Amino acid sequence: MKMMLPIFFIIISLVSSISFASVQDFCVADPKGPQSPAGYSCKNPDQVTENDFVFSGLGKTGNTSNIIKAAVTPAFAPAFAGTNGLGVSMARLDLAAGGVIPLHTHPGASEVLVVVQGTICAGFISSANKVYLKTLNRGDSMVFPQGLLHFQLNSGKGPALAFVAFGSSSPGLQILSFALFANDLPSELVEATTFLSDAEVKKLKGVLGGTN
């Protein structure tokens, strides 16, 4: 009986792991259906075509004529419908000279960045407030752990280009500056929680379109 117990627990473990295995080949996103934490509803398989598994947007240069001098072209579900439920997605980063992807987080995924052109200064901050910072050149890669604040800055003289991959079809995005200064959170609360002056908060809200 004692010898049977380890075997029993091994079998239970195997059955438990099998029960969470995928029961279908794919779940192409149906943006018209309800969305859950697990992803979008599945498109009717009879309506799925090869085009659902192809995304051509990453070949086009993004418009960097904006306040951050940068552009992000995401290939997430449902824009790239075939990634839904597969735990993968991508994006293209275009940064003009001086361009920056401000401090931000992806609550739903870790990220891997590959520099294709130019020089990018990138880094992230751990939950212990330790900074991991590196200047990346063409061909260099850097990983950013899920949920941690991170950024990318064009530190070269010309344009920079990078591609990033995520461990989720919907990694999510929250940009710190916009979260603080591009909404209607009362200025006095922003001041109390950031230790910035009223003038500084109002100036930043004015730049980023916040109110109150």
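Placement of Cβ uses the backbone N, Cα and C atoms for every residue, glycine included.
These numbers come from a predicted model, not from an experiment.
Features reported for this protein in TrEMBL:
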BINDING   His104, His106, Glu111, His150  Mn(2+) binding site
BINDING   His106, Glu111  oxalate binding site
DISULFID  Cys27-Cys42  disulfide bond
DOMAIN    56-202  domain 'Cupin type-1'
SIGNAL    1-17  signal peptide
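With DSSP classes pooled into helix, strand and coil, the tally for the domain 'Cupin type-1' (56-202) is 25 helix, 56 strand, 66 coil.
All protein chains included, His106 (Mn(2+) binding site) registers 22 other Cβ atoms within 10 Å of its own Cβ.
Sequence-distant contacts of Glu111 (Mn(2+) binding site), defined as residues of its own chain at least six apart whose C-beta falls under 8 angstroms from its C-beta, comprise Val143, Phe144, His150, Val164, Ala165, Phe166, Gly167, Pro171. The Mn(2+) site, placed at the center of the C-beta atoms of His104, His106, Glu111, His150, has further neighbours from the same chain whose C-beta lies within 8 angstroms: Thr105, Phe124, Phe144, Leu148, Leu149, Pro171, Leu173. His104 (Mn(2+) binding site) sits 29 Å from Cys27 (disulfide bond), taking the Cα positions as reference. Within the set of disulfide-bonded residues (Cys27, Cys42), the lowest number of other Cβ atoms found within 10 Å of a Cβ is recorded at Cys42.
Mean pLDDT for the domain 'Cupin type-1' (56-202) in this predicted model: 95.
His150 (Mn(2+) binding site) has a Cβ environment of 21 other Cβ atoms inside 10 Å. Cα to Cα, Cys42 (disulfide bond) and His106 (Mn(2+) binding site) are separated by 24 Å. For the pair Cys27 (disulfide bond) and His106 (Mn(2+) binding site), the C-alpha distance works out to 22 angstrom. Cβ neighbour count for His104 (Mn(2+) binding site): 19 (other Cβ atoms within 10 Å of its Cβ, all protein chains included).
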